[in-house]
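Below is one structure, written out as structure tokens; comments come after it.
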């Protein structure tokens, strides 16, 4: 089974993916590292630009029939059995990205993406089985337990649980207006 864990930068993808893989006994794959290792994509202005079609094809070939948790904000473009879209309060994302040294423009871009559900919409366009999980105020262990419970219950689709419209005014200073 291939489980793709995706979301806006700062939601906790890597922490959750590693813990989920460990609990399930699955292989953990960081998509950025995988793409670099395979020579998929190129560096442009300090950012790795990845050819999504090439990534999907190579990943499908290399991990077909294996149990894998794929971690990355592009993982929802893979042929996955289940896509987990992690969400977090945009203000929390802004704070985390600020700590990581993100510039104002990139920070605003990501806060806006979370605010308007960009990754969730992309995931739904690409996949049938999409589960949305809000990580706000939860420990990584609590998030993984929630995911495992949903998997055990056979839940294939759960979306629409997050609405950030109430925090719009709080994140306004971070947006690129």
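Cβ from N, Cα, C; glycine included.
Taking all protein chains in view, 25 other C-beta atoms sit within 10 angstroms of the C-beta of residue 13 (ATP binding site). Residues or ranges marked as ATP binding site in Swiss-Prot: 10, 12, 13, 14, 15, 100, 138.
Per DSSP, the secondary structure of the region 'NMP' (30-50) breaks down as 8 helix, 7 strand, 6 coil. Look at Swiss-Prot and you will find 30-50 tagged as region 'NMP', backed by sequence analysis.
The annotation region 'LID' is assigned in Swiss-Prot to 99-109. Across the region 'LID' (99-109), DSSP classifies residues as 7 helix, 0 strand, 4 coil.
Within 10 Å of the C-beta of residue 14 (ATP binding site) there are 15 other C-beta atoms, taking all protein chains into account.
Secondary structure at residue 10 (ATP binding site), as computed by DSSP, is coil. Non-local neighbours of the region 'NMP' (30-50) in the same chain are 14, 17, 58-59, 70-72, 74-75, 78; each lies 6+ residues outside the stretch with a CB under 8 Å from one of its CB atoms.
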